[in-house]
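As structure tokens, the structure follows; a few thoughts come after it.
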Amino acid sequence: MADQLTDDQISEFKEAFSLFDKDGDGCITTKELGTVMRSLGQNPTEAELQDMINEVDADGNGTIDFPEFLNLMARKMKDTDSEEELKEAFRVFDKDQNGFISAAELRHVMTNLGEKLTDEEVDEMIREADVDGDGQINYDEFVKVMMAK
């Protein structure tokens with residue numbers, strides 16, 4: 001995962017890592033993580049800090065070393081990319097840019113993709129995604145449908 005990062009990104013993350021690694025021993029402890037997060041206005045509990053470390057602590061030693069930190073950052077960046085892609089896809093469907101995908105907009109895009117759908121099929125697609133029942137799909141509903149794929 002970390003091998004998809006550029007040299008610039010890696011040196012940027014090295015800098016960030018050193019900010020976390022207060023004593024310079026090459027590992028981030030829960031205490032160091034807590035200090036940095038509190039300086040950023042967060043107030044994580046000891047358990048939350050432990051969870052965050054466990055999430056990326058590949059060798060199970062209770063701390064995060066630089067390779068583990070890089071994997072975490074690469075994962076977070078991948079998540080951001082897919083969020084950007086979802087926003088872009090939503091904009092494609094949302095022709096009038098009002099923040100909602102209507103049945104007409106959905107039909108238009110599907111037709112352009114070569115999908116000939118009946119009104120019933122389009123209505124069914126809207127109904128499946130339309131959590132709040134307003135007859136159109138907002139961004140959150142769109143994300144739910146796309147992430148379920």
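FYI, residue positions are counted from 1 along the chain as it appears here.
Quick reminder: no glycine exception, Cβ is built from N, Cα and C everywhere.
Remember, it's a predicted structure, so these values are computed and weren't measured experimentally.
Residues annotated as N-acetylalanine in Swiss-Prot: Ala2. The number of other CB atoms found within 10 A of the CB of Ala2 (N-acetylalanine), across every protein chain shown, is 17. For the recorded site, Ala2 (N-acetylalanine), the DSSP three-state label reads helix.
DSSP states for the domain 'EF-hand 1' (8-43), grouped as helix (H, G, I), strand (E, B) and coil, give 23 helix, 2 strand, 11 coil. Here Swiss-Prot flags 8-43 as domain 'EF-hand 1'.
Under the heading Ca(2+) 1 binding site, Swiss-Prot lists Asp21, Asp23, Asp25, Cys27, Glu32. Using a 10 Å Cβ-Cβ cutoff, Glu32 (Ca(2+) 1 binding site) registers 20 neighbours.
Taken from Swiss-Prot, the feature domain 'EF-hand 2' applies to 44-79. If you look at the domain 'EF-hand 2' (44-79), the same-chain residues 6 or more away from its ends with a CB under 8 A from one of its CBs are 1-2, 4-5, 9-10, 13-14, 16-17, 20, 26-30, 33-34, 37-38.
Under the heading Ca(2+) 2 binding site, Swiss-Prot lists Asp57, Asp59, Asn61, Thr63, Glu68. Secondary structure from DSSP puts Asp59 (Ca(2+) 2 binding site) in coil. For Asp59 (Ca(2+) 2 binding site), the same-chain residues lying six or more positions away in sequence with a CB closer than 8 A to its CB are Asp65, Glu68.
On the 0 to 100 pLDDT scale, the domain 'EF-hand 3' (81-116) averages 87 in the predicted structure. For 81-116, the entry in Swiss-Prot reads domain 'EF-hand 3'.
According to Swiss-Prot, the Ca(2+) 3 binding site annotation covers Asp94, Asp96, Asn98, Glu105, on the basis of sequence analysis. Under the three-state DSSP scheme, Asn98 (Ca(2+) 3 binding site) falls in the coil class.
In this structure, Lys116 (N6,N6,N6-trimethyllysine) belongs to neither helix nor strand by DSSP; it is coil. As annotated by Swiss-Prot, N6,N6,N6-trimethyllysine applies to Lys116, with the evidence given as similarity to another entry.
The annotation domain 'EF-hand 4' is assigned in Swiss-Prot to 117-149.
In three-state terms derived from DSSP, Asp130 (Ca(2+) 4 binding site) belongs to neither a helical nor a strand segment and is classed as coil. Under the heading Ca(2+) 4 binding site, Swiss-Prot lists Asp130, Asp132, Asp134, Gln136, Glu141, citing sequence analysis as support.
Within 10 Å of the C-beta atom of Asp21 (Ca(2+) 1 binding site) sit 21 other C-beta atoms, taking all shown protein chains into account.
The two recorded residues, Asp25 (Ca(2+) 1 binding site) and Ala2 (N-acetylalanine), have Cα atoms 21 Å apart.
When Cα-Cα distances from Asn61 (Ca(2+) 2 binding site) are compared across the recorded positions Ala2, Lys116, Asp130, Gln136, the shortest belongs to Ala2. Taking the Cα of Cys27 (Ca(2+) 1 binding site) as the reference point, the closest of the recorded positions Thr63, Asp94, Lys116 is Thr63.
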